[in-house]
Amino acid sequence: MPIYSWVGKTLSGEVRRGEMEAPDPKLVEARLRRLQLIPLKITEKKESFLARFQPKKVKGKEVAIFTRQLATMLESGLPLVQALEALASQQKNPYFQKVIRKIKTSVESGSSLAESLREFPKIFDELYYQMVNAGEAGGNLDEILKRMATYQEKILAIKAKIRQAMMYPAVIIFVTIVVLSIIMVYVIPKFAQMFAEAGQALPLPTQIVIAASTITKKYFPFFIAGLIGFIIIIRRLYRTEKGRYKIDKLLLRFPLFGDLLHKSALARFSRTLSSLIASGVPLLQGLSIAGKVSGNRVIEKVVEEVRLSVSEGQSIAEPMAVSGYFPHMVTQMISVGEATGALEQMLDKVADFYEDEVDRTVDTISTLIEPILIVFLGGIIGGIIISLYLPIFKLASVVGG
């Protein structure tokens with residue numbers, strides 16, 4: 001659908017400009033008149049050549065900023081359509097700008113904001129839709145959007161901390177693999193040739209290193225192909241339900257990192273369910289959404305079992321305690337929240353606790369992983385270097401003798 005740039009004048013004579021998506025200019029004119037604007041100029045906006053090749057992706061941070069700004073504008077009394085137009089005009093991401101304008105056009109046509117957002121599930125997920133829908137039904141959309149923005153900011157912070165914890169060891173391991181590959185394929189063969197020309201008997205460590213280098217050099221293309229194949233298989237497996245579940249279960253058992261992922265999933269689940277309950281979303285629906293948002297298929301499956309138990313009349317805490325994936329403290333706090341009618345507040349406290357735990361775990365990983373990696377990787381590279389120089393030291397001692 002084409003986008004039209006328009007210039008219009010209010011009844012008081014103020015000139016306004018904007019853009020609108022519509023099938024033809026006549027519909028743009030009709031919409032402007034409904035907004036009590038006198039159309040002065042309507043021109044079709046041509047899409048640039050580069051815009052056609054720009055990625056159709058919206059970052060989580062961009063959605064969080066959009067939500068926060070929309071909440072502020074609505075709270076200040078600005079009509080929804082005008083707020084959406086203002087946000088579209090200042091949006092730097094061309095694709096997101098286009099999406100916001102489509103949402104605005106849908107709202108102008110009589111659809112609710114929630115239904116308009118539902119047309120873009122990759123940007124505005126089920127959680128977003130349910131909260132906005134509840135906000136529109138309850139007449140407190142600005143409050144719900146503020147809560148949603150706070151929620152998004154907290155979730156983004158958790159994701160950033162997990163990336164921070166995993167990035168350093170990943171970079172170190174990658175650099176080490178590259179350095180070891182260069183040593184094995186290019187450096188050691190030169191030493192091996194030099195030792196062969198000398199005709200000297202080699203110590204056992206040197207023989208092992210040279211043998212490893214020979215095998216690596218001979219089969220190096222196969223190693224690379226195998227590594228790429230392994231990554232492709234894991235990625236494809238992760239896209240299947242069974243594969244994703246097994247991998248997520250395995251990740252939860254990893255030392256340090258498994259603990260971090262578990263705490264992160266619990267924080268996201270608790271924060272999501274708390275936000276949904278506070279927004280007026282029914283509990284069963286909230287459990288279904290919160291389980292998916294946890295980011296781990298194991299936790300999601302447990303929450304789905306909890307949801308089924310709750311639908312049969314049980315409490316939330318009982319099936320959680322049986323699962324083994326929700327610590328005693330969590331089930332106790334949720335049980336108290338259910339008994340006192342303060343479930344939302346208790347879930348918020350659980351989320352606060354585990355967000356702090358994520359911070360502490362990231363600090364622990366950063367503190368422990370650096371010396372462990374340095375010692376382990378330094379030992380490997382140092383061992384290779386020493387084994388290569390052993391024959392040289394031996395030769396020097398013979399010559400010196």
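For all residues, glycine too, the Cβ spot is worked out from N, Cα and C.
According to TrEMBL, the features are:
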- 66-189: domain 'Type II secretion system protein GspF' (DOMAIN)
- 269-391: domain 'Type II secretion system protein GspF' (DOMAIN)
- 166-188: transmembrane segment (TRANSMEM)
- 219-238: transmembrane segment (TRANSMEM)
- 372-392: transmembrane segment (TRANSMEM)
Just to confirm my parser: what is the rounded mean pLDDT across the domain 'Type II secretion system protein GspF' (66-189)?
89
Run through the domain 'Type II secretion system protein GspF' (66-189) and tell me, per DSSP, how many residues are helix, strand and coil.
103 helix, 0 strand, 21 coil
Under the DSSP assignment, what numbers of helix, strand and coil residues are found in the domain 'Type II secretion system protein GspF' (269-391)?
105 helix, 0 strand, 18 coil
